[in-house]
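**Student:** First the structure, which I've put down as structure tokens, then a few questions once you've had a look.
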Amino acid sequence: MSAEVETSEGVDEPEEKNFGENHIRMADLSELLKEGTKEAHDRAENTKFVKDFLKGNIKKEIFKLATTALYFTYSALEEEMDRNKDHPAFAPLYFPMELHRKEALTKDMEYFFGENWEEQVQCSEAAQKYVERIHYIGQNEPELLVAHAYTRYMGDLSGGQVLKKVAQRALKLPSTGEGTQFYLFENVDNAQQFKQFYRARMNALDLNLKTKERIVEEANKAFEYNMQIFSELDQAGSAPASETVEDRIPVHDGKGDVRKCPYYAAGQVNGALEGSSCPFRAAMAVLRKPSLQLVLAAAVALAAGLLAWYYM
């Protein structure tokens, strides 16, 4: 009976098997991410910062502050990864020994700023928005955390190595790794093999198609946060000489737990922190007046993350 049905439908067993395998491959999360973020890649491809960084057009002070932006980003990301290390939608991707960057970034911060570096650094508002988004996802929609982990770490294992060499050459940093510990993955012997292993783990996550589509959407959102940094930089660069960047761009002070801020708590209700700035941040901007280099730093740091995708 079953043989007659297969014949009448015109589909034999080998063809049906091939169709099933092709369908599974097309539904793999890694493939969906690759295709679903292609437009974002194309838009980022022409970013001036990407081209300048590859040419080695970066000053040491900007690179120092770019490291600061990375520190805040990875501190948030790894805090949420630790929080969700047992969550079924993320546990298979939890590799703190191999991937976590906070400790390495701490060494870089000490190299650039000295032992009291924590007293000297803060995060621009545009970069802080991404940090807040990561915290929101980790606490409320952990199934989407893979979008941020995959975007960052897979890029770091790829193009990050190119950026390390560019930075060492352009800034005359020690070849022994001081100032570029962020790019050194001591517990990953073969980056290409590890990336393949990570993608396989990601594809094996028990997720329905709707959740996978949401993950792709979240990855694109991460790119948009990067673009907001570039937009902020454009506005700062076009500000009249009489108008300081600090007057145009409020910042968060980067200390304490931002999630205790009443404005942040209210934003959590809506699922995102967008729109007007926190009044506290605006006040802090007036009182503390961070330098233009801080804004540039955050832009370079996130541009580096975008560039890393092109070498995956």
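In case you wondered, yes, glycine gets a Cβ from its N, Cα and C as well.
Swiss-Prot lists S2 with the feature phosphoserine, giving similarity to another entry as the kind of evidence. Residues or ranges marked as N-acetylserine in Swiss-Prot (evidence: similarity to another entry): S2. Sequence annotations record features per position, and here Swiss-Prot assigns heme b binding site to H41. If you look up Swiss-Prot, you'll see 260-265 marked as repeat 'HRM 1'. The S-nitrosocysteine annotation in Swiss-Prot covers C261, C278 and is backed by similarity to another entry. The feature repeat 'HRM 2' is assigned by Swiss-Prot to 277-282.
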**Student:** Take the Cβ of H41 (heme b binding site) and count every other Cβ within 10 Å, whichever protein chain it belongs to.
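**Tutor:** For H41 (heme b binding site), the 10 Å Cβ neighbour count is 14.
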**Student:** Pop the mean pLDDT for the repeat 'HRM 1' (260-265) in here, whole number is fine.
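**Tutor:** It averages 45.
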